[in-house]
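Annotated features, as they stand in TrEMBL:
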DOMAIN    13-98  domain 'Pyrroline-5-carboxylate reductase catalytic N-terminal'
BINDING   L14, G15, C16, G17, K18, M19, A69, V70, K71, P72  NADP(+) binding site
BINDING   N56  NADPH binding site
DOMAIN    162-268  domain 'Pyrroline-5-carboxylate reductase dimerisation'
Amino acid sequence: MGFEDISRRGLVMLGCGKMGSAMLEGWLKRGLDPAAVHVIDPHPSDWLRAQGVSVNAALPDAPAVLMIAVKPQMMQAALPQVAGFGGGGTLVLSVAAGTPIAAYEAAFGAGTRVVRSMPNTPAAVGKGITAIIGNGAATAADLDTAESLLSAIGQVVRLETEDQIDAVTGVSGSGPAYIFYMIDALAAAGEAEGLPPALAMQLAKATVAGAGALAEQAGETPEQLRINVTSPNGTTQAGLGVLMDAGTGLMPLMRATVAAATRRSRELRG
Ligand SMILES: NC(=O)C1=CN([C@@H]2O[C@H](COP(=O)(O)OP(=O)(O)OC[C@H]3O[C@@H](n4cnc5c(N)ncnc54)[C@H](OP(=O)(O)O)[C@@H]3O)[C@@H](O)[C@H]2O)C=CC1
Ligand SMILES: O=C(O)[C@@H]1CCC=N1
C-alpha cells in the first residue's frame, strides 16, 4: 500500500501531539494528500489546524491506516472512539509505548492487522529511528506500509519479537533524553571550569551533534573514533580515566539507566 492508496482510502490519527505532529509533517512533505488525513485530538494545536487535515470531524468508514499516537495512560479512554475500525480492513499502526499488540487485538478483534512501533523525538527533524513489529495477521505488505510511513521521520528497523520493543524503548525511544541531559552536563562542567554559560552550551551542543554525525558517517567504529581523539598521556586520556572507571563510570551508569527504562516499558504493559 503506497501513499496513493492511503490518500484514496484515508488515514485516521488517534492523538496528534509531539510524535503525531512530527509524523504528519513528514507525510505531508512526502506528498500525502492532507484531505485524506483525519485527526482525533481533544486539543488540536494551531499548527495542526493550519495543515488542511480534517480535525475532530466525520471519519471514513474503513481507512487504510489507523495511526495510534496517544499516551499509554490515555489509551483506554481513547480507543473506544475508533473501535468501529475493527474488521474493516484497516491496518492499525501504533507508536505508543507500553501498549502491547494483544491490547489492540482485544480492542479491534482477532484477525486485525497490527503493527506496533517505537519511534523517538529526533523524528521532528527527520532524524528519528523507529523499530517495528507486526502481529500474525499483518502481511509483508503491511510491514512495508508501516516502514514507508515511518521512514518519513527517519530510519526504520524491523524486530524479530515483540518483547524486544521494551529494550528498544530503553535505548532509542528514551535515549534522546539521556543525550540531552549529557549536553546539559557537559555545558555545566564547562561553566564550572570558567567558561561563559552560552559558550559552554554552544560547545556542548556542537560537540554532541558533530560526534553523532561522525559516528554515523565514518567507516570506523565508535571505539576507534574515541581512540583517534585520545593522544597518549593527553587531555582525553585524563578525562576518559574518570568516564571509563569500571565501577563509577558511564558504562555501569548507562547499563542501569537503560535497565530502568526497559523495566518501566514492561510495567506499562499492565
Ligand atoms: N515523546 C517521545 O519521546 C515518544 C513517544 N512515544 C509514544 O508516542 C505516543 C504519543 O506521545 P507524544 O506525542 O509524546 O504525546 P503527546 O501528549 O504530545 O501527544 C498525545 C496526544 O494525544 C491527545 N489525546 C489525549 N487524549 C486523547 C483522546 N482520548 N483521544 C485522542 N487524542 C487524545 C493529547 O491531547 P492533550 O495533550 O490535549 O491531552 C495529545 O495531543 C505515546 O504513546 C508515547 O509513548 C514513542 C516514542 C517516543
Ligand atoms: O517516556 C516515555 O514513556 C516515552 C516512550 C519513549 C520516550 N518517551
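Positions of Cβ are set from backbone N, Cα and C atoms, glycine also.
Feature map: TrEMBL annotations on the structure.
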residue: L14; record: NADP(+) binding site; DSSP class: strand
residue: N56; record: NADPH binding site; DSSP class: coil
residue: A69; record: NADP(+) binding site; DSSP class: coil
In the domain 'Pyrroline-5-carboxylate reductase dimerisation' (162-268), how many residues does DSSP assign to helix, to strand and to coil?
85 helix, 0 strand, 22 coil
Fewest other Cβ atoms within 10 Å: which of the binding-site residues K18, K71 wins that one? Let me know.
K18
Do me a favour and check the Cα-Cα span between K18 (NADP(+) binding site) and N56 (NADPH binding site); whole Å is fine.
18
Neighbouring CB atoms within 10 angstroms of the CB of L14 (NADP(+) binding site), all protein chains considered, total 24
Pairwise CA distances across L14, G15, C16, G17, K18, M19, A69, V70, K71, P72 (listed as binding NADP(+)) top out, in Å, at 14
What average pLDDT is reported by the model for the domain 'Pyrroline-5-carboxylate reductase dimerisation' (162-268)?
97
